[in-house]
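Asks: Sharing a structure with you now.
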Ligand SMILES: NC(=O)C1=CN([C@@H]2O[C@H](COP(=O)(O)OP(=O)(O)OC[C@H]3O[C@@H](n4cnc5c(N)ncnc54)[C@H](O)[C@@H]3O)[C@@H](O)[C@H]2O)C=CC1
Ligand SMILES: O=C(O)[C@H]1O[C@H](OP(=O)(O)OP(=O)(O)OC[C@H]2O[C@@H](n3ccc(=O)[nH]c3=O)[C@H](O)[C@@H]2O)[C@H](O)[C@@H](O)[C@@H]1O
């Protein structure tokens, strides 16, 4: 099948590469010329394990290519996947400008019957609206139909999550679209859920928001654990043996970040309000997360008279390990808080430095190692649980820091061990 993919971000590029790996002919379209140049030379613009290998193999066997020429790509395609961003607007709603732009470009390009598949996370009803828009714009002798195919990959494990997805959700309104989607995904041999478009769109939001809710619930419980003298890690473990609860997404910490949970909780909450209904559980998840993100700096501000002139180390910048992405990372408002109060901030992240520079410029110092970051610092914040950060020995904090004062947002260390090593240590819910 000839497939075009609009957008080569985390979702578009991984989807395109994996579809090629499974035997389809794929052309990935992006407006960013530099990205396209990079990809053609075998370099992935994003950090994802195993991606470059698949890109290179399929580029050299001719099944995968990249272009900025959307017109040619869309004209030749049997199916066009849309995987552009749907960022948050200031009122919390999803911004569909990129989706509309691609729809206009498709409308001016296609010359034959085409199935358009929305992979981006879009509000319920978007597939229907884009279909209506396209049908008005295209010539009357060609037929377009929209199918919803939301994506569930997580950054850092994107290739594995795509090739071995828990499920393929397909939202269609006709047998024609259903058969094409089934043919595309046949070589993946994965469970398929076929439903209508609105339900498919809802499955995506409901899944992400449910995971965000679990995290906020555990963070709420963690805060109570601190007050009543319980240990949230033990509580989570005790809960996880109940297979109705399970063990995943029970980790308390400094709050969820990333390009999706924050925006998708707000977008669904906004959509429900627009429909005269309030999703109170989702609102609570958002509120708990907002408070949780600043929990440790607030605690630290009670501990010191002032941050002015204090050397503060921040270890980990990305919103989670395994990615170079800082979007909505809890590290950002924390660093801003410290800078606003006059702290001298030194940061370290094994892969996030380049993206951090786009945000903080020369306002912070970028250390090349953990030791360099914490050396002579008066306070250290742990924001991401990268393996090398988790493996820091207590003596390292003790020996390198001016004052061994550690605020751990990801519960990387054992409190007793840290305290025995002479470190003043604060973590979450213990
Ligand atoms: N990042 C993730 O882990 C996941 C994201 N999603 C959803 O997938 C969608 C895409 O997310 P990301 O891949 O993270 O986005 P991204 O922001 O990483 O990438 C979007 C890409 O689209 C390109 N683009 C913009 N306008 C274009 C146009 N007119 N034609 C062609 N390319 C264009 C941009 O240059 C950029 O390379 C969003 O709706 C997101 O919510 C869903 C599941 C996972
Ligand atoms: O729609 C999306 O974009 C994607 O959003 C998440 O994927 P991702 O944002 O890449 O990362 P997660 O691993 O889900 O982590 C999100 C945030 O939650 C935090 N988290 C996660 C799990 C946990 O137990 N506790 C916790 O605080 C992480 O530190 C991170 O900041 C979902 O896991 C994917 O299924 C979904 O496709």
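Yeah, the Cβs are placed from backbone N, Cα and C, and that goes for glycine too.
A TrEMBL annotation is a machine prediction, not a hand-curated record.
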Asks: If I go by TrEMBL, which of 186, 263, 393 binds NAD(+) at the same site as 30, 35, 86, 121, 327?
Replies: 263
Asks: Which secondary structure state does DSSP assign to residue 121 (NAD(+) binding site), in the simple three-class scheme?
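Replies: SS state of residue 121 (NAD(+) binding site) = coil.
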Asks: Let me know the largest Cα to Cα distance in Å among the NAD(+)-binding residues 30, 35, 86, 121, 263, 327, as an integer.
Replies: 25
Asks: What are the non-local neighbours of residue 249 (substrate binding site), defined as same-chain residues 6+ apart in sequence with CB under 8 A from its CB?
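Replies: In sequence order, 211, 214, 215 meet the Cβ cut-off.
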Asks: Which residues in the same chain, at least 6 apart in sequence, have a Cβ under 8 Å from the Cβ of residue 251 (substrate binding site)?
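Replies: 215, 218, 236, 411 - these are the non-local Cβ neighbours of residue 251 (substrate binding site), listed in sequence order.
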Asks: Max CA to CA distance in Å over the substrate-binding set 204, 249, 250, 251, 252, 253, 257, 320?
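Replies: The substrate-binding residues span at most 24 Å between Cα atoms.
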Asks: Under 8 Å Cβ-Cβ from residue 263 (NAD(+) binding site), six or more apart in the same chain: what's there?
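Replies: In sequence order, the residues whose Cβ lies under 8 Å from that of residue 263 (NAD(+) binding site) (at least 6 apart) are 86, 87, 88, 94, 328.
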Asks: So what's the average pLDDT for the domain 'UDP-glucose/GDP-mannose dehydrogenase C-terminal' (313-415)?
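Replies: Looking only at the domain 'UDP-glucose/GDP-mannose dehydrogenase C-terminal' (313-415), pLDDT averages out to 97.
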